[in-house]
Amino acid sequence: MTTFSPREIVSELDRFIVGQHDAKRAVAIALRNRWRRQQLTGPLREEVAPKNILMIGPTGCGKTEIARRLARLANAPFLKVEATKFTEVGYVGRDVEQIVRDLVEVAIGLTRQAKREGVKAKAEAAAENRILDALVGPTASQATRDSFRRKLRNSELDDKEVELELTSSAPAGMPMFEIPGVPGASMGAINIGDMLGKALGGQRGKPRRILVRDAYAPLMAEESDKLVDDEALVREAIREVENNGIVFLDEIDKICAREGRSSGDVSREGVQRDLLPLIEGTTVATKHGPVKTDHVLFIASGAFHVSKPADLLPELQGRLPIRVELQPLTVDDFKQILTATEASLLKQTVALMETEGVTLTFTDDAVDALARVAVEVNSSVENIGARRLQTVLERVIDEISFTATDRSGETVPIDAAYVRERVQDLASNADLSRFIL
């Protein structure tokens, strides 16, 4: 779990996301509160429940990007899902409890990675010995082994082929069978390969010919897993989910009931009702054991173009007590998105063209023109936020991108006049497209 202060979390998000200070503050405080709760002792620690968040804002203003960046910062089990993927319990499709099962799998992956790091030195030594055994045989003299060990460490034997016995997981072609109504069996999907493997005496190694350089990764994973206690790992992963798990529930506005519909919708109101106990706190059966969701943090987000937050079930609104509104982006925001963020669109474009030997330069008035065109098209057609910049920028560099191979060594300056020339028909075409079937 991250130990960053709220200020540090916000400044880290600022590197990639322009504006939206209120949303950044809300998620930073929520993330820090996870750490604060861990410092409490006794019964009070169990009583402190996470304050779930509802982020409201137009499309393309940074809601999903905040989730992506938060996942890297959290250093805790984090899962981003779309609310539209789920259906009401009892119907064909994924039910909302699958969220917790997926979160447990994420936690197991994180915990396994951490455990592997802890035994890395021992695993490296074991992997090296297995490669040496394959190269010179287990009965070789110590002097021979030392000589080959030196060559191995100096990468002199990387292109040599060896035969190793690697334990393989189920073959890729083995089918998955769904068994309806099996709780916690990962949607009831049973891998026949796993079942056959266990019936035939476990995962026995299969001799494979492989280059020395390619052998290290599978051998390291195999030797690390031998040194890790799987049962303890799963217990630790479940504990991490229960105390530090974070679920980002995107597109929650799409599961609001349609006006004028009296019956519950399979993938709308029914899903909202199923989410209630999950967010409030319940116990979900998974194939690794029961998981409590009392202290899992839920961050929901939606554009609410057609519906409004009040259209959500009142009980669901009550379970998302912190409400944050994200602001539509302005011309200045667009200019910052183009230039100021760490992996800005202009930096990406310039770097891509440099691979062809073409040097692109954007003048300040070109950046201003790009931002203004994006805002104009958003206001006249459909507001898709920062995503509009990609449309405009691709239109501007389309010709350069197509002919870049023939222009190696050139420097291509892009100014406001060039931008206007390339995008002059964009807004009018977009307007006309409304009337063309």
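Yeah, the Cβs are placed from backbone N, Cα and C, and that goes for glycine too.
Keep in mind that what you see is a predicted model, and the values were worked out from it rather than measured.
Here is what Swiss-Prot records for this protein:
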BINDING   VAL18, GLY60, CYS61, GLY62, LYS63, THR64, GLU65, ASP250, GLU315, ARG387  ATP binding site
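On the structure: features taken from Swiss-Prot.
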residue: VAL18; record: ATP binding site; Cβ within 10 Å: 21
residue: CYS61; record: ATP binding site; Cβ within 10 Å: 28
residue: LYS63; record: ATP binding site; Cβ within 10 Å: 26
residue: GLU65; record: ATP binding site; Cβ within 10 Å: 17
residue: GLU315; record: ATP binding site; Cβ within 10 Å: 13
Coarse DSSP state, helix versus strand versus coil, of GLU65 (ATP binding site): helix
Site diameter for ATP, Å, by largest Cα distance between VAL18, GLY60, CYS61, GLY62, LYS63, THR64, GLU65, ASP250, GLU315, ARG387: 33
